[in-house]
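Student: Encoded as structure tokens, here's the structure I'll be asking about.
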Amino acid sequence: MMPPRTFWPRNNTPARWLPLIFGLLWLVAGRAWAAPPPPFVINSEPDDARITIYSEYLPDPDNVYSLEDVASGGLDHRFQPASRFVERLGLSNHDWWIRISIHNELSDQQRFALVMAPRAYQDSQFYLPDGPPGTTRYRTPLPDESFVHRYPIQVLDLPLGQPQVFYWRVNPHGELVYALTLTTMQKALGDNPLYGVYWLLIGMLLAMSLYHLALAFMRSATSHGYHALFGFCVIGLIIIGSGFLGHLDDLSSWDHPLRLTLLSGALFAACGAGRTFVDSRQHSPALHYILLVLGALALVQIPLLLILPSPAAMGLCCILVLLTVPCLVALGYQAWHREVPAGALFFFTSILVGVPVAILCLVTLGLLHTGLDVPLTLLLVFTVAGTLQTAGLRLQHQRRQRLKAEQLRNQAVAETVETTRRETLARMGHDARTPLSGILGMAELLDDTPLTPNQKECVSAIHNAGESLLKIINDVLEYSQLSTSGAEISHEALDVHELLVDAVDLFRERAEEKQVELITHVHTNVPARMEGDPGRLRQVLTNLIGAFIRQAQHGELIIDVSLEPTGQAGQVRFEFSGTALRAGTLHDLRENGARQDSSTLNLAIAEQLVEAMSGRCGHRDGHNQDPAYWFIVPLSALDNPAPDNPADRVPLLGRSMLVVDDSTTVTRVIRHLALSWGMRVTASNDPREALASLRTQANINEPYDVVLLDHQMPGMTGVQLAARIHEDPVITHSPVLIMLTGISSSPTDVDARNVSIHRVLTKPVSAPRLKQVLSEELGLQRPSAPRQRNESPDPGLQVLVVEDHKLSQKVIRGMLNKLGITPEMAANGLEALNRATQKRYDLILMDCEMPELDGFEATRRIRAHERENGLVAVPIVALTAHILREHRERSLASGMNAHIPKPVELNVLRDVLIRFTRRGQVEESGEES
């Protein structure tokens, strides 16, 4: 059996490890053995005669054949005939013997040129007959008989008569490709028209590569950079593979390293160009990472390729290319299928380039045979594909620019819409707050007049309804501001206990109406004083408590405050839980966007404020879980927590207390606090059980010092239990009785005194307040007599009120009259300016939006008049229904000293008068004796 035509080093068996498809291609394209070809007969002047098919080749796997062995005729039966004009014999690292017979039938001896394309092999030798036709003696060519023009050229002197046989020994150290052409010396040294096509296509490819390189630097576009690198590498491969540098002997030793390096660079660039052209990370993550790995392998393999033998190195490159081509085609198909911009174009170009490149690799591996001019074919394919992809990148850039322009337009429209929305909301808020200010102000003034109980109830209802409406308006405006410009965060000292009490106080009545018991628990590890934004934190608490009470059912709403147990300092956790929260409520509030009620708005405002304070929110509301909502905000401690001070526990240390409440949560919280104060605590959820415990302790002469009892309990009320304790003959040592009660269900003072109840506290009670009361009632601390500091402004103040709204004028005048001040009134800014320039006032209350001249401009003109005349600036305080930050900033920028939002409260008005006039009269009562 004749040996196969493709050989790896020291191996004459075909590669069997490639995929099945390559084996099928081998079977389809396998060679059919043929008889030895006849000599090429010259009977006319040859015109670039392609005579490769008249040649024969003999593999020498062991490099043992000599010229004498080959020329002796003993190995003639082993020669295999060539079958194509460009014969490709695959990868090998051993000698090959190629022979061709030429018969001159012209009239005399002729000189022709044998062109041996497509490249000059460094380890090769051509042999000429040295003697008459039929001789077995051969010689090497003389210097003038062998040279390199573009390809190696052998000068043949062909005598008339018998055929001349020529031998060529070559060791390719890689891929063996040869094409033999017989022509005249003039044509061999002349210009081939095909060279012009080569240079034209190379010029086009070079121009596109330079274009991509320029855009890569100008736009910082990696896709253009990959395309530029791919183009430069392909140009280098085409120039080397087509033999354009064959006449440069100095580069012959660099042919193999350059070819492998350029091929690896082109492979790396192809992977990168494919990934960036279609954004594979988004549209095909799996192929994206595969191409990343293949591109990395292409770079990593370069040092290895320079070490391996040439056939193995080239084979490794071809295998990597054959792995990459299907990935790029698959990426193009997915891009086209998913309608990625220019995805169809990439799919087409990936096939256009991938098919000939895969064929070339199969031919190089010896698994496929073709007679195509591969360099020219690839150059043409790369030029066409490069032109298409350049156009595709241009279209992508134009599309991105168009989308960017549309985005900018949409953003401008959205900003205009948002500005209009905010201005509309601000205007609506102003228009609603102005009459509401009159309603609440009149209700407050009316409440101070002699009224019947029924009338007082009506006034209270009007005031409460107005306050609720005012809160809704404020929430809408606050949410509008938070969603656009965020919140201003301050850093001040705060007391978590006070903040929590203030927030809870606002909802006591509403909670009682829905039969929701509010329970607060501030853990003892929370510092007494911390640094944060008390105003924003109070807003968060009020919004959340309001939202949860609105959605609550009958039960307990527990507000638990503790330090976050993550080890991170200054992280305070506020958690809302309890039976009042229905399962699914928290999920509906947070996830159901279609449910746009006030609770959803409250929750949205609270979460945005928490985020503005660098905090975070969360909830649990799944199956088999108690619903809970929590938020964590950073609050740094200003001093050590109270429990860390042993002296603080001395007043209550060792005292015993009985806690009676039907709520296990309340008893647990109070017990936890009392234990931290050093007290001995017993908890009971049943009044009868508590009464029995009191008798038992009295019998063993260890009576309780304090009994803390709830008012509303099943079976027996707190007043009834207190009466039983007071009347029981066994309990001779009467303990201090302190009752915890709601707002509406509180016993009268007479009832409390009749049953010896010492103090009545409204639930929920804060830990500092409870501790203070216990210390006072046990005689460990003197009761603090309330210091009433009634500070009022000087009745002789000259106040100018500038207000265009008649009802608001009456409200402000009534409040000032109540403070003993008779103001002067101005209906617009122009009138205020005239009065202020003619008379000096102690304070000006200035509305901001008025006809003829608004408050801002009036203030600026008053300040200008004061500067021109060297006058002391009169305090000007803005009275406005606007509450947004930009309106406060605008009022201060115009020269005003402060900003009071409508509706105006009497206490706020009093404080402003005292603050800016500094002529208040102080009256103190209730001094300690």
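The backbone N, Cα and C atoms fix where each Cβ goes, glycine too.
Features from TrEMBL:
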| type | residues | note |
| --- | --- | --- |
| DOMAIN | 427-637 | domain 'Histidine kinase' |
| DOMAIN | 656-778 | domain 'Response regulatory' |
| DOMAIN | 798-917 | domain 'Response regulatory' |
| MOD_RES | ASP710 | 4-aspartylphosphate |
| MOD_RES | ASP847 | 4-aspartylphosphate |
| REGION | 776-795 | region 'Disordered' |
| TRANSMEM | 196-217 | transmembrane segment |
| TRANSMEM | 229-248 | transmembrane segment |
| TRANSMEM | 260-277 | transmembrane segment |
| TRANSMEM | 289-307 | transmembrane segment |
| TRANSMEM | 313-333 | transmembrane segment |
| TRANSMEM | 345-368 | transmembrane segment |
Student: With DSSP helix as H/G/I and strand as E/B, how many residues of the domain 'Response regulatory' (798-917) fall in helix, strand and coil?
Tutor: 59 helix, 21 strand, 40 coil
Student: Please report the distance from the Cα of ASP847 (4-aspartylphosphate) to the Cα of ASP710 (4-aspartylphosphate), rounded to the nearest angstrom.
Tutor: 50
Student: Which one of these modified residues has the most other Cβ atoms within 10 Å of its own Cβ: ASP710, ASP847?
Tutor: ASP847
Student: Mind checking which residues of the chain, 6+ beyond the ends of the transmembrane segment (313-333), have their Cβ under 8 Å from one of its Cβ atoms?
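Tutor: Non-local partners: 8, 91, 174-175, 256, 259-260, 263-264, 267, 270-271, 274-275, 278, 280, 284, 287, 290-291, 294, 297-298, 301, 304-306, 343, 346-351, 354, 357-358, 361-362, 364-365.
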Student: Under 8 Å between C-beta atoms and at least six residues away from its ends: which parts of the chain pack against the transmembrane segment (289-307)?
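Tutor: Result: 257, 260-261, 264-265, 267-268, 271-272, 274-275, 280, 313, 316-317, 320, 323-324, 327-328, 331.
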Student: What does DSSP give as the helix, strand and coil breakdown of the domain 'Response regulatory' (656-778)?
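Tutor: Within the domain 'Response regulatory' (656-778) the tally stands at 53 helix, 27 strand, 43 coil.
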